[in-house]
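Structure incoming, see below.
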Amino acid sequence: MAAASPLSSISSLPLSLPSSSSPSKPKHHRSLSNLSSSSALRSSESRRTIMRASTSVYEKQRIDLHVEIRKFCRKGDLKEVMRLISDSESEDHCINSETFCSVLQLCAELCSLADGRKVHAILSSSGIKIDTLLASKLVFMYVKCGDLGEGRRVFDKSAAKDHIFPWNLLLNEYAQVGDLEESIDLFKEMQYSSVKPDSYTFSLILKCFATVGGVSEGEQVHGRLIKLGFGAYNAVGNALIAFYSKCNRINSAVDMFDEMPDKDVISWNSLINGCVSNSLPRKGVELFTDMWFSGMDIDSATLVSVLPACAELGILTLGKAVHGYSIKAAYSKEVTVNNSLVDMYSKCCSLEGASRIFERMVQRSVVSWTSMIQAYTRAGLFDEAIALFGEMESVGVRPDLFAVTSALHACSCRGSLDQGKNIHDYIVRNRLEKNLIVANALMDMYSKCGSMEEARSIFDNTTSKNIISWNTLIGGYSKNCFPNEALSLFSKMQFHMRPNSVTMACVLPAAASLSSLEKGREIHGHILRAGHFSDGYVANALVDMYTKCGALLLARLLFDRMFQKDLISWTVMIAGYGMHGHRRNAITVFKEMRGSGVEPDEVSFTVILYACSHSGLIHEGWEFYNIMRNEYKIEPKLEHYACVVDLLSRAGCLVKAYEFIKSMPIEPDSTVWGALLCGCRIHRNVKLAERVAEHVFELEPENTGYYVLLANIYAEAEEWEAVRKLRQKISGHGLRKSPGCSWIEIKSKIHVFVAGNKSHPQSKKIELFLKEVRRRMKDEGYVPKKRYALINVDDTGKEDALCGHSEKLAIAFGILNSPKGKPIRVAKNLRVCGDCHEFAKFMSKMVNREIILRDSNYFHHFEGGRCSCRGYW
């Protein structure tokens, strides 16, 4: 039966009788009036009943809608949530702020920015007041969905500023994306708001100040949080330890740690990590030991903090103990722990241990592969390191910039230009070439592989260069025999940034290579003004520069003033004395070094043997050779054998030198045989020279220098047919003889002279000067040593050829263009010939000047008609 309409009840009501107290009216009027009044009353009640029923239904539907939306929010079904919201709009159902918060939370969790924006639009048009909680949720949604800019705009224009949560959220997010300045500015803005920072706020901002090096600002924060009563909070204390550690204030970090009443594992880990990061690995190990005995639980972060300390100290036993603990505590499967173990074993020279960890790793991150690449590189297994980089790609692990730079370093050490170019191709394909760290690594690789054009191209295409970029290219030019380019780049650099101590150590060898004393002094001035002399590398490079520029007294003065002399300092000074023929001084300094407690190494013995060989000290040379073997247990290497052969050969003991080579326990290289070949030239032993040359040509068939040396031996013996055949052989191999080249610095400009070349603007003047000098020399009994002319012409032609030798041209130019009394400093790319040696002796006496001539392996100081080499070079 159908339900009666509410209106039907009105018609079934009984009619009321008239009351006696009612005013006198007609009966029918009273009856109608009563009926009308009763009907109106009933109708009003009925409408209220209908409205209450309708409202009840509406409220029930609205509650059901909120319940449904929140249910699907809990399930994570954003699609159904958005459908329900859409339906609610069409049915004019309002959603309350609590439900909107749930929906925004889900959008944030699923990083659905598009749906989050739709919800924001609906919310804005709904008329609902956006209170602090809802505004905070909106900021949260935008930030978590990656739209930090919109999150900040909502924050600035809403009530979100009234709650601490969005402040901390934005502070953290700015720090995460690297915008530390904005994070710090926001913190400063917070100081003027009604919201007070909490412990989390202070922890966040301390991290920001630590990263930007804001020590004073961080200290101010430290003072403020103590006033606000947060000093006892562990989270704040840990943040302060980390802050002071990163700002290299490790003593303050230790004080903070000691003041903490209740230290947790993070406190210990922070300080251990801080000590290791601040080059205090031993202190880090001590803290780890204290932590162990304190009973504090050790977690994986502790292991990752202490293993680098074991690596730096080379304490393999402790590293193995930590490894053992990681297995017992079930941390051995954690990738970060395994990565640290690989690094520790490799730095402790246990490649086997590193490989074993790497091979057993179930999961390998890009850091794992990078650590193993570095392990192979440290062990000198460069090919394996490069191959591992290729394998990394093949298994689907995408190398990051650290893996790429590690592989490039392996190529640099190996000199593998082709492999380096392959990695360069990978870098270009993956658009990593704009990264400054990668660009610098590429420059280093190309420089160390001798490809300076490519290195310069990378440098020129790098828009934002840093100090490492400049130093890498300057050092590359210096090491690859481009001294002029190195000095030019150094000058250019000073218009862009201030050079540091590494720059000075890179550019000084360029000045040394050119024997450019004026340029070397200019760089020395930079060093003194910047206070870089206290740097050991710079001080050593300065001493080396002065020795190679012929200023031995200045070199010794600097050596004596050095704050701390290391092995390199002593070795450089010994080498300097050896190059300049100061044999006794070289030996004295070597003995002083041993007396000071600095033990000589392979290089130290090489330079003292060199000093003995170039001074004819056979007995002393043998004595040092035996000390090296018997006292220091250093097995001779090829360079030591070459020095001994040179020692014997220069002294005329050619047969003994030949027998010594034959008795060597290792295969001699071209340097060893080459030393004997030089001895054959000095003592004009053509037959032995031919036998020795066969070995040299077999080992280095493309080295023109050895062919030229044998041709000179033939020429000095006037065996012109042999010279002709050898020159044909040189041409047949497509080889070219390097011409004699000398240079001199006058008024900060380098002037270069090539043998027989008359292109210099003052060539005519120099030629006339040399002819006059030759005439005067002949008047005093000089006889030209025509055997050094090395050409088959008459005597006049040979004399003219001798006058065209590059060192004579440079010396003459120096005398004509420098003040009287000023020393003449000339450098040559080849060995000075005997005739030029005599010429320089005569000139030093004639013009009353010191002439310092540096040839390919020796310094000659000519003064008063004598030479420091005493005819032995």
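Along the chain as shown, residues are numbered 1 onward.
Glycine too: its Cβ is placed from the backbone N, Cα and C atoms.
Taken from TrEMBL, the feature compositional bias 'Low complexity' covers 1-24, 32-43. Annotated domain 'DYW' per TrEMBL: 781-873, in sequence order. According to TrEMBL, the feature region 'Disordered' maps to 1-48. Positions annotated as repeat 'PPR' by TrEMBL: 163-197, 264-298, 365-399, 466-496, 566-600.
Please go over these features one by one and say how buried each is and what sits next to it.
For the domain 'DYW' (781-873), the model gives a mean pLDDT of 86.
Beyond the ends of the repeat 'PPR' (163-197), by six or more residues, the same chain brings 132-133, 135-136, 139-140, 143, 148, 151-152, 155, 204-205, 207-209, 211-212, 214, 217, 225, 228 to within a C-beta distance below 8 angstroms of the stretch.
Sequence-distant contacts of the repeat 'PPR' (264-298) (same chain, six or more residues past either end, CB-CB distance under 8 Å): 234, 237-238, 241-242, 244-246, 248, 250, 253-254, 257, 305-306, 308-310, 312-313, 315, 318, 325, 329.
For the repeat 'PPR' (365-399), the residues of the chain that approach it from at least six positions outside its boundaries are 335-336, 338-339, 342-343, 345-347, 349, 351, 354-355, 358, 406-407, 409-411, 413-414, 416, 419, 423, 426, 430, judged by C-beta separation under 8 angstroms.
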Mind checking which residues of the chain, 6+ beyond the ends of the repeat 'PPR' (466-496), have their Cβ under 8 Å from one of its Cβ atoms?
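Same-chain contacts beyond the ends: 436, 439-440, 443-444, 446-448, 450, 452, 455-456, 459, 502-503, 506-507, 509-511, 513-514, 516, 519, 523, 750.
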Can you break down the repeat 'PPR' (264-298) into helix, strand and coil residue counts using DSSP?
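Residue counts in helix, strand and coil order: 27 helix, 0 strand, 8 coil.
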May I have the DSSP-based helix, strand and coil counts for the residues of the repeat 'PPR' (466-496)?
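For the repeat 'PPR' (466-496), the helix, strand and coil counts are 24 helix, 0 strand, 7 coil.
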Residue counts in helix (H, G, I), strand (E, B) and coil for the domain 'DYW' (781-873), per DSSP?
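In the domain 'DYW' (781-873), the DSSP-based counts are 37 helix, 16 strand, 40 coil.
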Based on DSSP, tally up the residues of the repeat 'PPR' (163-197) by helix, strand and coil.
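In the repeat 'PPR' (163-197), the DSSP-based counts are 24 helix, 0 strand, 11 coil.
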With DSSP, how much of the repeat 'PPR' (566-600) is helix, how much strand and how much coil, in residues?
26 helix, 0 strand, 9 coil
